[in-house]
Amino acid sequence: MVNRKKISIFDVVNYVMLTMLCVTTLYPVLYVLFASISDPALFQAHRGVLLKPLGFTIEAYRLVMKTPAVTTGYLNTLFYVIVGTSINLFMTSLGAYVLAQKDLYLGKILTLIVIFTMQFSGGLIPTYWVVSSLLGTSRLTLLLPTAITTTNLIIMRTSFAAIPSSLMESAKIDGASEVHVLTKIILPLVKPTIAVMALYYGVAHWNQWFQALIYLRDRDFFPLQLFLREIVLQSRLDEANMGIDIDVSADIGQIIKYATIMVSIIPVFCIYPFIQKFFVKGVMIGAIKG
Amino acid sequence: MAELSKTVKLEKTKHKKTTIRAKIAEDFKKHRTIYIMVIPVLLYYLIFHYGPMFGIVIAFKDYRPGRGIWGSDWVGMKHFIDFLTSQYFWRLVKNTLFINFYNLLIGFPAPIILALLLNEVRSRKFKRTVQTVTYMPHFISAVVVAGIIVDLVGTDGLINDLLAFIGFQRKNLLAVSALFRPIFVGSNIWQNIGWGTIIYLAALSGINPNLYEAADIDGAGRFKKIWHVTLPGIAPTITILLIMRIGRMMHLGWEKIILLYNPIIYDTADVISTFVYRRGLEEADFSYSTAVGLFNAIINFSLLIMANKVSKKLSETSLW
């Protein structure tokens with residue numbers, strides 16, 4: 001492209017617009033952050049835009065950390081993310097490996113069976129019926145029904161298929177089993193794809209709430225997002241506390257809401273810089289279909 | 001002669017049949033491990049994807065939990081007719097189409113415009129900063145996004161603070177029917193505008209720089225270049241994404257609607273999917289809501305086919 005040094009009006013307008021976009025994108029999150037560390041009484045009295053924390057206290061965070069709902073939710077979410085993503089990666093690479101076989105006689109039919117589900121599904125109610133009658137209200141309802149995301153399976157298959165088949169053939173001639181070929185040759189070669197898949201699946205588990213809402217009954221199994229919904233959207237702090245004695249005045253109740261939101265998004269932001277380099281790759285391989 | 005060819009044909013099909021079976025048997029032997037490996041994957045798809053597809057039959061039955069799916073009586077199209085003649089029908093169809101139409105009309109071009117603006121930025125550092133910031137909301141959960149929205153537009157929320165400052169009366173904006181769609185569509189843009197640019201920026205970087213030079217020589221200004229070089233360059237990407245988006249139109253974002261809406265604004269906020277959720281899972285009206293869900297899926301699929309056809313005619317870009 002042409003490198004003119006002159007700064008035109010267009011450039012100025014463009015930079016201003018983009019800066020404004022960044023500010024509007026960031027501000028809601030900053031507002032929550034500022035509010036969460038503000039002095040409850042000062043915040044309650046405040047009206048209008050918040051440009052910095054009003055006073056400083058981490059009392060709300062201390063209370064949040066003592067809230068059983070948050071700690072239980074956190075541990076459960078960690079469980080769902082770790083176990084769920086492991087199941088996802090295992091099943092997805094298994095399926096991708098089979099579908100990437102070029103000389104498999106039934107390969108086309110298997111691919112068709114898989115692709116068909118991208119366009120047709122039973123819908124909410126029949127899926128609910130099948131899942132709940134098979135798995136009841138156990139933790140498995142959040143792990144098994146989402147074991148494979150078909151889009152991700154296709155992405156992985158595409159990246160497996162890009163590996164020269166001579167590599168696998170020579171390994172097989174040397175006596176390597178299929179499992180060996182998959183785990184020792186293919187998977188190490190597609191590490192970046194695996195990382196992207198882990199990112200997609202992991203974030204999906206972290207943010208998951210709807211399935212938890214419809215399948216789970218036992219509060220001990222609830223993920224963080226479901227408790228978050230109670231605390232933030234339904235303002236049911238007392239119930240979320242499960243009868244634990246924390247003296248929650250109206251002032252701090254408001255602040256606790258913000259602290260809870262922060263607690264749920266901070267881990268994602270902490271790993272954000274490390275995963276950012278995978279974004280472009282993830283979206284691009286996602287765009288390649290078939 | 002004809003008879004002969006007939007018998008030959010017969011022989012051929014017979015031969016073909018045996019060879020298919022033989023081929024499969026041989027294949028099974030040759031790839032035994034592969035076929036063992038596919039079992040869990042196949043089971044997963046059969047149980048959790050094809051199982052529910054067969055469950056759709058309850059849309060045509062009067063499902064009673066005690067009697068099971070097969071024991072319940074067939075009622076044919078009764079639930080469909082019930083839905084089509086119910087007082088909710090038009091409201092739901094209207095809301096579903098309006099919300100999705102606005103979402104498409106404003107939400108779809110937004111990342112394209114942002115990508116075009118970013119493409120004109122020369123400072124790499126500034127570009128990266130904007131990207132980092134605008135990708136971020138994509139990773140925030142629907143619950144948190146809904147929580148922040150509810151808080152911002154609430155009676156004591158920031159938006160009301162600003163409105164009160166310029167003389168408006170404070171009120172909970174989520175209790176105003178007319179405001180649900182702008183709030184919903186706006187928050188969707190906030191969440192997705194940055195993430196949506198990734199693919200367009202990649203498509204933009206694939207445009208041949210010679211084209212820009214040629215345009216320069218022809219004396220094209222910035223807007224002319226965007227219009228005649230940049231946009232045509234990413235047109236195929238735009239078309240494919242648009243078709244896919246239309247195909248999923250009726251499903252987009254309904255979980256967030258469940259988090260945001262309330263009975264006061266059902267007249268603008270309730271869509272077919274949220275109605276299916278309420279009737280089906282909250283009121284346990286399985287058969288009826290399955291029928292409504294199927295109706296939604298049929299509209300969705302017709303939209304996809306239509307979009308694909310139109311695009312094939314206009315631009316020769318299509319999904320299949």
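The count begins at 1 with the first shown residue.
Just so you know, glycine gets a Cβ as well, placed from its N, Cα and C.
Unlike curated entries, TrEMBL annotations are predicted automatically.
Note that the structure is a prediction, hence the values are computed from the model and not measured.
If you look up TrEMBL, you'll see A:74-267 marked as domain 'ABC transmembrane type-1'.
Taken from TrEMBL, the feature transmembrane segment applies to A:12-34 (among others). Remote same-chain residues near the transmembrane segment (A:12-34) are listed as 50-54, 258, 261-262, 265 (criterion: CB distance under 8 Å, separation of at least six residues from the stretch ends).
Sequence-distant contacts of the transmembrane segment (A:78-100) (same chain, at least 6 residues past either end, Cβ-Cβ under 8 Å): 107, 110-111, 114, 139, 142-144, 146-149, 152-153, 156-157, 159-161, 178, 182, 186-187, 194, 197-198, 201-202, 205-206, 208, 223. Feature annotation from TrEMBL assigns transmembrane segment to A:78-100 (among others).
Taken from TrEMBL, the feature transmembrane segment applies to A:109-130 (among others).
Taken from TrEMBL, the feature transmembrane segment covers A:142-160 (among others). Panel annotation: around the transmembrane segment (A:142-160), residues 80, 83-84, 87-88, 91-93, 95-97, 99-100, 114-115, 117-118, 127, 131, 135, 186, 190, 193, 196-197, 200-201, 204-205, 208, 211-212, 215-216, 223, 285-286, 288-290 of the same chain, lying at least six beyond its termini, place a Cβ under 8 Å from a Cβ of the stretch.
The transmembrane segment annotation in TrEMBL covers A:181-203 (among others). Here the transmembrane segment (A:181-203) has Cβ contacts under 8 Å with residues 81, 84-85, 88-89, 92-94, 97, 149, 152, 155-156, 159-160, 163, 167-168, 171-172, 268, 275, 278, 281-282, 285 of the same chain, all six or more residues outside its ends.
Residues of the same chain lying 6 or more positions beyond the ends of the transmembrane segment (A:255-275) and with a Cβ under 8 Å from any Cβ of it are 29, 32-33, 35-36, 38, 40, 43, 59-61, 63-65, 67, 70, 74, 195, 199, 203, 206, 224-225, 228, 231-232, 235, 237, 248. Among the features that TrEMBL reports, transmembrane segment is placed at A:255-275 (among others).
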Long-range environment of the transmembrane segment (A:109-130) - Cβ separation under 8 angstroms, sequence gap at least 6:
95, 98-99, 145, 150-151, 153-154, 214-215, 290
